[in-house]
Amino acid sequence: MKCGVLIPAAGQGKRMGLGFNKQFFHLNGKPILIHTLERFYHKPWIDEIILVVNPSEKELVQQLLREYHISVDAIVDGGAERQESIDHGLAFLHSEWVMVHDGARPFLKEQHIKNLIDKLQIFDAVVLGVPIKDTVKVIDESGIIINTPDRKSLWAIQTPQAFRLSILKEAYKKAKADLFIGTDDASLVERLGVKVHVLEGDYQNIKITTPEDLLIAKAISDQWSEEN
Ligand code: CTP
Ligand code: MG
């Protein structure tokens, strides 16, 4: 069974406010994006890696790949939205299965990648997630609570999100036709009526998004480097 990985890394990191793409920030001496790529590079269960980058950062990324001895199968120009970046990357995949994984999620454990691949033997769509810890409220525009969904059924969904490639392509085609923009890939696939299964991952697999995430990321990174 062939499985490729598609890594969107073409964002600007606006919420992080560093003034540059957060994925070039160093953790434990290496850019975040390199940590992420190392989760997949040279692993027997991954057949191809497609990396999507901002065209203005392509040279820098190529330089980093050389420096850290990583090679990918294609470096694709990203778009203005994450969804557009993924859409560009999909055209370069050849495997039967694809995992989409954010460039800004460097703490993905190997076991979880393997667990997802195992599940692809039985399901067409499977994503990682964790039960949420906070109570979530639905509020109106004036900040007043409308209701409190039962926490038991609420999960925070992460990446990787893994799909049969033909299904993900169809989902992207339909989203484009309907002018639908989702915040993850699963939401596009759900619109096809395909069942998306959730597999429990872990709380360390954070997406580095805002400045406080960097504090957490440094702590996780220190723990990982002690273990290896
Ligand atoms: N991404 C992308 N193309 C875009 C926007 C985002 O490939 N046009 C990628 C990011 O590089 C990141 C992942 O999608 O790895 C998740 O996006 P997010 O955390 O929102 O990153 P940014 O868009 O860079 O951050 P922000 O929204 O704060 O600007
Ligand atoms: Mg973004």
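In case you wondered, yes, glycine gets a Cβ from its N, Cα and C as well.
For Arg15 (among others), the entry in TrEMBL reads site 'Transition state stabilizer'. Arg15 (site 'Transition state stabilizer') has a Cβ environment of 12 other Cβ atoms inside 10 Å.
The annotation site 'Transition state stabilizer' is assigned in TrEMBL to Lys22 (among others). When Cβ atoms from all protein chains are considered, those within 10 Å of Lys22 (site 'Transition state stabilizer') total 25, not counting its own.
Reduced to three states, the DSSP call for Arg151 (site 'Positions MEP for the nucleophilic attack') is helix. With a cut-off of 8 Å between CB atoms and residues at least 6 apart in sequence, the same chain places Pro131, Ile132, Thr135, Val136 near Arg151 (site 'Positions MEP for the nucleophilic attack'), listed in sequence order. What TrEMBL records for Arg151 (among others) is site 'Positions MEP for the nucleophilic attack'.
Summarising the environment of Lys207 (site 'Positions MEP for the nucleophilic attack'), the number of other Cβ atoms within 10 Å of its Cβ, over all protein chains shown, is 15. In the three-state DSSP classification, Lys207 (site 'Positions MEP for the nucleophilic attack') falls within coil. Positions annotated as site 'Positions MEP for the nucleophilic attack' by TrEMBL: Lys207 (among others).
In this structure, the C-alpha atom of Lys207 (site 'Positions MEP for the nucleophilic attack') lies 12 angstrom from that of Arg15 (site 'Transition state stabilizer'). Each residue contributes its Cα atom, and for Lys22 (site 'Transition state stabilizer') and Arg15 (site 'Transition state stabilizer') those atoms are 9 Å apart. Proximity to ligand 1 at the level of Cβ atoms, with a cut-off under 6 angstroms, picks out Arg15, Lys207 from the recorded sites Arg15, Arg151, Lys207.
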